[in-house]
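Read the structure below first, then the notes.
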Amino acid sequence: MNTFAGGSIESVLVEKRVFPPPVEFAKSARISSMEEYRTLWNRAKDDPQGFWNDMASHLVWRKPWDKVMEWTEPHVKWYVGGQLNASENCVDRHCVGPRRNKAALIWEGEPGDRRVLRYQDLKREVGRFANVLKAQGVTKGDVVAIYMPMVPELVIAMLACARIGAPHTVVFGGFSGEALAGRIQDCSAKVLVTADGGFRRGNIIHLKEQVDEALAHCPTIRNVVVLKRTGHQIHMEPGRDHWWHEMASIASADCPPEPLDSEHPLFILYTSGSTGTPKGILHTTGGYLVGTTLTASWVFDLKEEDTYFCTADCGWITGHSYLVYGPLSNGATVVMYEGAPDYPDKDRFWQIVQDYGVTIFYTAPTAIRAFMKWGEQYARKHDLSSLRLLGTVGEPINPEAWVWYREVIGGGRCPVVDTWWQTETGAIMIAPLPGATPTKPGTATLPLPGVVPEVVTKSGEPVEPNQGGYLVIKQPWPSMMRTIHGDDERYRRQYWSEIPGVYFTGDGARRDHDGNFWIMGRVDDVLNVAGHRLSTMEIESALVHHKAVAEAAVVGKPDELRGQAITAFVTLKSGYQPSEDLRQQLRQHVAHEIGALARPDDLRFTDALPKTRSGKIMRRLLRDVAAGVESTGDTSTLEDFSVLARLRHEEE
Ligand code: 6R9
């Protein structure tokens, strides 16, 4: 069951508290009143071409565009004929004038090691690594896979790819070798950038072992560049594997950024959909960078003196858009941390906030719920008075967590921006502007200028205020995905055919009388476990790959901390008997096929799965079974459950 985390739907329905922007904050904010917001929004709606034409001036272009936008549903091109380079915009343009000695990246490793890269340093390192990639045979258009811990070299590798026009595909370090192989195969990556390992909760994550396993099935990979991070013993395949430091020591730091077509692919990022195989979401250069640059500046109100800490991993879209491209394009100082929030103790983030004087902090609701559970004493141990703005992303935030975040972390003075968006949208779509929008705990509030969302029925009719429906976007926007790599038909089908004429988000939502959007969760078979997107089908297909399994059905179960937990129902082939040992084997099998994040929390053996006449598994029923005997005394809770259930029913 996709619900608000922590069974807090009832509190969302009665949530009436409104927090206007603090007067002091609004005074100096980039957008500082609702009038200003409305003027911008209306202009963007009425004259999208003119609006986006002007907004693109926030970037450095090598060649101006001939046409702002070309739209042949479902395909869009932005800034047609224009040329630019994303790494030039994120790095080089800040190396002239006073920003050249400003910290671009402040990094802290889990063991406590630290590094600061000023914009000039970043430019040198990006240039150097771009030359390393060239030396490995990478040319414009070749895909480079990146599978690394959260170290500065990960950002350097992404920007180096952008510099030479090689689309990157970053694979989250928590994914298994199998999952890595699947992604590499899908996009035919030529070179892989990785590390011996990374640190997590004091342990070494053995990345290179996963790589060696993956590459047995990846003939397109010619060379592997390996960063020495942990220094533990690893296998280096002669002729294929090269040490980062050895390659970098002989490479020049000078690599001029390649002028690229606005629609040149910047990256492919895999995300889970409602079928078994992950989708390679393709983003291109110009529109994506306009979108992320602008939204980072609007929503985070980025100022020259800010120190901005985003806790997301670069393996997810939040790391791409709001750790790398958006903030760096704005010339911000970004804090990056390698490890776990509770290592060596549960105050690690707050120690980082205090040590670097972080002013803007961006994290996920699941993390906030964990902080809440650990207790406020961890935050109280540190001086958090430098903070001036807090953000959340990844899943609906329950009002309790929102208010706790505002009070305990933000000291009651920092606006909280709940930002709704997706891998597919590239940039934030619905979020408060911290100097303008009155916030309410639990809603991402209003669409940003240039974003025209609506809540509709299955046939595309707008619903009444406060009625649940499907969240769609009615006008194309610059940072939207261009297609699914290698499967344009799936792109068309999944996003543009479900509801006629509009982009379908896969989320259920309702809009209140003030126009605020309340996101209710996915209406498809996508799970959101601790802010990570997972597909039920992907986990099911991993399970049926096991020799003992006949059939499997996976559903989400409400989980107080992580939003959803994974429950799997499994039928066995004849000759196999349910046992605790087999249960553990199957859970481990999923972790091996996808990654530990997909390991079912609960795995139940059953003789048969409930099916419809047409043979479809009745997930709704299983979701109820997984949720157990939930207290359904509260009718408002029931109401919300039934809206989602109905929406899903229409799909079945
Ligand atoms: C950025 C990111 C996208 C899905 C999305 C929705 C959920 C994200 C949210 C939110 C409620 C928010 N989601 N932000 N739900 N409020 N502020 O998370 O991208 O990993 O692709 O996930 O996450 O369900 O459809 P991605």
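Any Cβ shown, glycine's included, is placed from N, Cα and C.
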TrEMBL ATP site partner of G394, E395, P396, D418, T419, W420, W421, Q422, T423, R522, R533, selected from D383, D507, D559: D507
Cβ neighbour count (within 10 Å, all chains shown) around K616 (N6-acetyllysine): 10
Cα-nearest neighbour of T419 (ATP binding site) within the listed recorded positions, N203, V549, K616: N203
Entries of N203, T419, T423, H546 (binding-site residues) sitting next to ligand 1, with Cβ under 6 Å as the cut-off: T419, T423
Residues of the domain 'Acetyl-coenzyme A synthetase N-terminal' (37-90) by DSSP state, where helix covers H, G and I: 26 helix, 15 strand, 13 coil
The one of N203, T318, T423 whose CB sees the fewest other CB atoms within 10 Å, among these binding-site residues: N203
Tally of DSSP helical, extended and coil residues in the domain 'AMP-binding enzyme C-terminal' (538-616): 24 helix, 27 strand, 28 coil
Cα-to-Cα gap, R201 (CoA binding site) vs V549 (Mg(2+) binding site), nearest whole Å: 33
Rounded to the nearest Å - Cα separation of K616 (N6-acetyllysine) and R522 (ATP binding site): 19
Among G202, G394, P396, which are binding-site residues, the residue with the most C-beta atoms within 10 angstroms of its C-beta: P396
